[in-house]
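Taking it in order: structure first as structure tokens, then the write-up.
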Amino acid sequence: MLFSRVKKMASLSLRFTLFSTAAFLILCIFTEATPHHPEFILTLVNNCPFTVWPAIQPNSGHAVLERGGFALNTLTHHSFPAPAQHWSGRIWARTGCSYNHGHFSCATGDCGGRLECNGLGGSSPATLAQFSLHHGHNDLSSYAVSLVDGFNVPMTVTPHEGKGLCPVVGCRASLLATCPDRLQVRSPPGHGPVVACKSGCEAFGTDELCCRNHYNSPQTCRASSFSEFFKHACPATFTYAHDSPSLMHECSSPRELKIIFCH
């Protein structure tokens, strides 16, 4: 009787061991067959000696990230997961922001008087970082820095652990001190310090400088003396509407993209 019970227990133990081993092997095979996609991080870094208020605007049909804006104190950073699916949009810094009589506003990059832009665009001039994440067959992330809408703070985009063409791009120079008089934006207007530098299009509004109508093609939209001011200081940026498409870089599967203000 006792021998029979022991025999049954040994049989059950063997079956359990075989089942556990089989389950483990199946799990291993499934894990091997399932590609691992590490989390993709966006990090905003403020190296400026003052607070900036980053703003994030998605392109139409894409999700608003981090409610579209927040404060970022000097020498701090803010990281968050990038969308797992295709996303495109832009990021910029707002400067000189304050609350007055319960109203929030910024000297540059203001998005309708809101702390959280929630999908709204910003006022120019402002340095822009443009992105298209998770596209193509090789999980490409494209990025560029644009001065087409003018300049307010130095900004670079730095990829980490990507494959392919993954350079650091952007504008490290502070152009406020050298901005031509006709492009300067002062706050308060007229007598305050220079807080931003307009594009030629914003300053003068001509079709030629804005690449509108007859000038809206790669053949007729050309660099101007104003865009050349930006290009000379920051060659790795877009400076007019039909500037070289090669400035939009494509990096395969980066682990992180750092957007650094005042790099």
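Even glycines carry a Cβ here, placed using N, Cα and C.
Heads up, TrEMBL stuff is auto-annotated, nobody curated it.
What TrEMBL records for Cys48-Cys262 (among others) is disulfide bond. For Cys262 (disulfide bond), the Cβ neighbour count at a 10 Å cut-off comes to 19, with all displayed protein chains included.
If you look up TrEMBL, you'll see Cys97-Cys106 (among others) marked as disulfide bond.
Among the features that TrEMBL reports, disulfide bond is placed at Cys111-Cys117 (among others). Counting Cβ atoms from all protein chains shown, Cys117 (disulfide bond) has 25 others lying within 10 Å of its own Cβ.
Long-range C-beta contacts of Cys251 (disulfide bond), restricted to its own chain and to partners at least six residues apart, with a cutoff below 8 Å, comprise Leu140, Ser141, Ser142, Tyr143, Pro159, Gly162, Lys163, Gly164, Leu165, Cys166. Under the heading disulfide bond, TrEMBL lists Cys166-Cys251 (among others).
What TrEMBL lists as disulfide bond is Cys171-Cys234 (among others). Same-chain residues at least 6 positions away in sequence with a Cβ under 8 Å from that of Cys234 (disulfide bond) are, in sequence order, Val145, Leu147, Gly170, Cys171, Arg172, Ala173, Leu175.
Taking the Cβ of Cys197 (disulfide bond) as reference, residues of its chain lying under 8 Å away and at least six apart in sequence are, in sequence order, Pro125, Gly150, Phe151, Asn152, Leu175, Leu176, Cys179, Pro180, Leu183, Gln184, Val185, Phe230. The annotation disulfide bond is assigned in TrEMBL to Cys179-Cys197 (among others).
Annotation comment: TrEMBL describes Cys201-Cys210 (among others) as disulfide bond. When Cβ atoms from all protein chains are considered, those within 10 Å of Cys201 (disulfide bond) total 23, not counting its own.
TrEMBL lists Cys211-Cys221 (among others) with the feature disulfide bond. Sequence-distant contacts (6 or more apart, same chain, Cβ under 8 Å) of Cys211 (disulfide bond) comprise Cys201, Thr220, Cys221, Tyr240, Ala241, His242.
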Listed disulfide-bonded residues Cys48, Cys117, Cys262, filtered to Cα within 10 Å of Cys106 (disulfide bond): none
C-alpha spacing of Cys97 (disulfide bond) relative to Cys262 (disulfide bond), in angstrom: 17
Minimum Cα separation from Cys48 (disulfide bond), reported as the residue among disulfide-bonded residues Cys97, Cys111, Cys210 that achieves it: Cys97
Tertiary neighbours of Cys111 (disulfide bond) (same chain, Cβ under 8 Å, six or more apart): Ala55, Gln57, Gly68, Gly69, Arg94, Cys117, Leu120, Gly121, Gly122, Ser123
Cβ-Cβ distance under 8 Å to Cys210 (disulfide bond), same chain, at least six residues away: Cys201, Ala241
